[in-house]
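Here the structure comes first, spelled out in structure tokens, and everything after it is commentary.
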Amino acid sequence: MTVILGQLFTGVSIGAVLLLIALGLALTFGQMNVINMAHGEFIMAGAYTTYVLQQTITDAGVSLLVAIPIAFAVAGAMGVLLEWALIRRLYTRPLDTLLVTWGVSLMLQQLARDIFGAPNVQTKAPDILTESTSLGGDVSIANSRLFILGLVVLAVVALTAALKLTPLGRRIRAVVQNRDLAAVSGIPTGSVDRLTFFIGSGLAGVAGVALTLLGPIGPTMGTNIIIDAFLVVVVGGIGQLKGSVIVAFTLGMLQAMVEYLTTLSVAKVIVFVAIVAFLQWRPQGLFTLRTRSLA
Amino acid sequence: MTAGGLSIRGLRVVFDGFVAVDGVDLDVAPGDIRFLIGPNGAGKTTLVDAVTGLVKASGSVRFGETELLGRDVHRIARLGVGRTFQTAALFEELTVLQNLDIAAGAGRGPWTMLRTRRAVPDDVAFALEAIGLAGRRDTLAGTLAHGQKQWLEIGMLLVQNARLLLLDEPVAGMSHEEREATGELLGKIAADRTVVVIEHDMDFLRRFARTVTVLHAGKVLSEGTVAQVQADPKVQEVYLGHAAAESEAVEA
Amino acid sequence: MKALTEMNPRLRAWLGFGLGALVLFAAAPALLSDFRLSLLAKYLCFAIVAVGIGLAWGRGGLLTLGQGVFFGLGGYAMAMHLKLADAGPGNMPDFMELYGQLDELPAWWAPFANPAFALAATVLLPMLVAFGLGTLVFRRRVRGAYFAILSQALAAAMVILLIGQQGTTGGTNGLTDIDGFFGYDLDDPVNQRMVYFIIAAVLLGLLALTRQLMRSRYGELLVAVRDSEERVRFLGYNPANVKLVAYVVAAGMAGLAGALFVPAVGIISPALIGIVPSIEFVIGVAVGGRAALLGPVLGAVAVAWAKTALSERFPGTWTYLQGAMFVLVVAFLPGGLASLWGMVRRRRETPPAPAPVTGDQALIKEVAV
């Protein structure tokens, strides 16, 4: 029982990171129908930002906290640059965008290798996060996982509030729901797109900070987790946050449980089969904005 | 109803709580040219979407003796129901001939499909003449003029051997001569088919409609000949006010 | 050149195939060293995969980022048979003895001792998997980027599965040290040359098959489905079936390519079939011209050659170059190099017609042979 609970907590924290990544993807995919394969490298950028900060600010706790906004800004800026330089030219060609951004992701990985070297690097977690909190009995949960969960909850609440309550958020939602109508209503869709990319990519940067608490930092760390995040978007549906929330945690826990019951390798296959089976039932994802269109 | 006619009973379409079509009853006899009119949002296109299986609906839609609701789009098409779209939906990277040949071929077996087309099938040749595009059969459909694209769509319905034709604004954006030609083509086609046309253009309607149904807010408001509908005070009340503005927009 | 474009397409095709055969069967073996020829054999395997991707993606709009799965299924099926044949009847393959986890051959290995079964499996197994996944996915109208992501996830899952089952699949190492090919010693250059000829012949045969598919009514319908799936549905076709055929054929080709890769290179491993190699199959196709018949072949060979030439001496530079290729070709020359040929040809003939560019689809200009 304790092992199962432990696995569930692991699943929850992995699901939380997945959610952070998937929210960013869902934002940009929902708004621009663009699959950004370089999203994984924004995660990597966030992680390396944490690493670099720790070289200058030696206090692990301070550097971690400082890293969160800076990683958000760094990854966000990279996202804006990518949107401005390439993606906005390819809006009508979503599949081509996927391949183009894959090319960008290859180059960013190599850039990381050239700057930081091919081997993985590691950050040092602040002492308080290396301990565990007891949840009664012999069930305990690592503080680092609690921290990640808190960080993600904070980010999701902030994002939801920003989208629902601020004028900028309303503009973003307007563009998601009807780009042409938003444009003729005087919303500058171009700058809204760039803002969306900033936020979406920034969330990936924050996820990168969180991942430094769970494992090593390396040039290919993004590619390893990005596919799972894409699956969250596919299954969760576009245009509503709650789909991503439900699916990210379900996927995280499902994977952790199946992995516990079988092995990692079998778990991946079972999860894949489960997703294909789910799509038989809900091919448009869990929640989708329905509109009348031929496409 | 006579065999081959369209018979709709209690048709209802709901999008996320919004009732787009609200209990429509509609009968169109074979050989009729029925015009569906109504202000924007009246549910005209949604009704056609429901008949052709694109959106889910409740109620009953029968074509001849066959219930259409609940069938897949391509199954309904195979039962002889064809439609066009507000914006011409052609295969722009294929030639006129290829477009028509594809439209004609839903019943072909695998062996025919895997072979190269050696000659122009008779029905395709006939349709090329009927829509006046025989001279442009090797042109890419994407490079046709707007009116020609609309005709090609109608031609595709002909070779598809549709017995029920649902045309969504077939003359929008056409010149006066093109409208006349289209109207005459419709008249010829309707001889052995059932035709339903969604149209905003009042002149075109007066010239070519045999019967008219007015939809408003998802319901049938009025039905009859052009004269009857025009005389209906309900129609004048809710529709003609809009119609003036709309037909201006169409004319512009 | 003018004479060439006006020539009867049939005659032109025969000429093209004749020329291709001349290059592959006479010129290349005469001019290239044994080492270069075996490299070319490897590239031609990639080219076979590319022909299938050209059909599925270029003509059918199915961006499959998981062709490595089918390449791998074919490759492993072949390698399992060759390992069993190397070991001799009743023996286990060397790596199983080495890991020592197993007392006897796993049941699912046993049928691959039969050469007919193994050969059939190299093609049918990938087709079966593609059929299963394609049926489920296309029927529910999962398409575009969603399909691309799913196909990539399949590649990821397959690689993790192979690595995890080290005792029976060889894990990360894969199946290596393959010495014989149906009784022929693969260390002998003469036999390597024979393998090359087989691969070249299969490539030419599949090109002929694909040309027929592309020019057939099915080929026209496939383009129609790519450009406007819903419209095709309203004409009474089920687009899911149309796509399924292209996907299954492409999978079969990838499987065959994987099977031929094994005797040509002597190894099949997860690193050769995962996400990265799968997407590398696509870049060759994009560079050459996705909708053309020969574009994917030439693109795949050129990209594979460039990789060999550059990646050993300048691995970093190669990665940048590969990334740049994706960006530049796909963003700014979506028709690939084949479209350059088409542009030149059109400029010579007529003043350029205003070609409507509609998204991913504006690429099919017949550049067949």
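Backbone N, Cα and C atoms are what each Cβ position is placed from, and that goes for glycine too.
Unlike curated entries, TrEMBL annotations are predicted automatically.
Here the structure is a predicted model, which means the values were calculated and not measured.
Per TrEMBL, the features are:
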type	residues	note
TRANSMEM	C:40-57	transmembrane segment
TRANSMEM	C:62-82	transmembrane segment
TRANSMEM	C:116-138	transmembrane segment
TRANSMEM	C:145-164	transmembrane segment
TRANSMEM	C:194-210	transmembrane segment
TRANSMEM	C:244-269	transmembrane segment
TRANSMEM	C:281-306	transmembrane segment
TRANSMEM	C:318-344	transmembrane segment
Folded-back contacts onto the transmembrane segment (C:145-164), same chain, C-beta under 8 angstroms, at least six residues removed: 62-66, 68-69, 72, 76, 133, 137, 171-172, 174, 270, 273-275, 278-279
Beyond the flanks of the transmembrane segment (C:194-210) by at least 6 residues, Cβ under 8 Å: 17, 20-21, 24-25, 28-29, 37-38, 40-41, 44-45, 47-48, 51-52, 54-55, 181, 184, 186, 253, 256, 260, 263-264, 293-294, 297
Close approaches to the transmembrane segment (C:281-306) from elsewhere in its chain (Cβ under 8 angstroms; 6 or more beyond its ends): 16, 39-40, 42-44, 46-47, 49-51, 53-54, 57-59, 63-65, 67-68, 71, 203, 207, 210-211, 214, 254, 318, 321-322, 325-326, 329-330, 334-339, 363-365, 367-369
Proximity of the transmembrane segment (C:62-82) to the transmembrane segment (C:318-344), 3+ C-beta pairs under 8 angstroms: no
Intrachain residues whose Cβ lies under 8 Å of the transmembrane segment (C:116-138), provided they are six or more past its termini: 69-71, 73-75, 77-78, 80-81, 147, 150-151, 154, 239-241, 243-244, 247-252, 254-256, 258-259
Contact set, same chain, for the transmembrane segment (C:40-57): CB under 8 Å, 6 or more residues outside the stretch: 24, 28, 32, 63-64, 67, 71, 192, 195-196, 199-200, 202-203, 206-207, 210, 213-214, 222, 246-247, 249-254, 256-258, 260-261, 264-265, 281-282, 284-285, 288, 290-293, 295-297, 299-301, 304-305
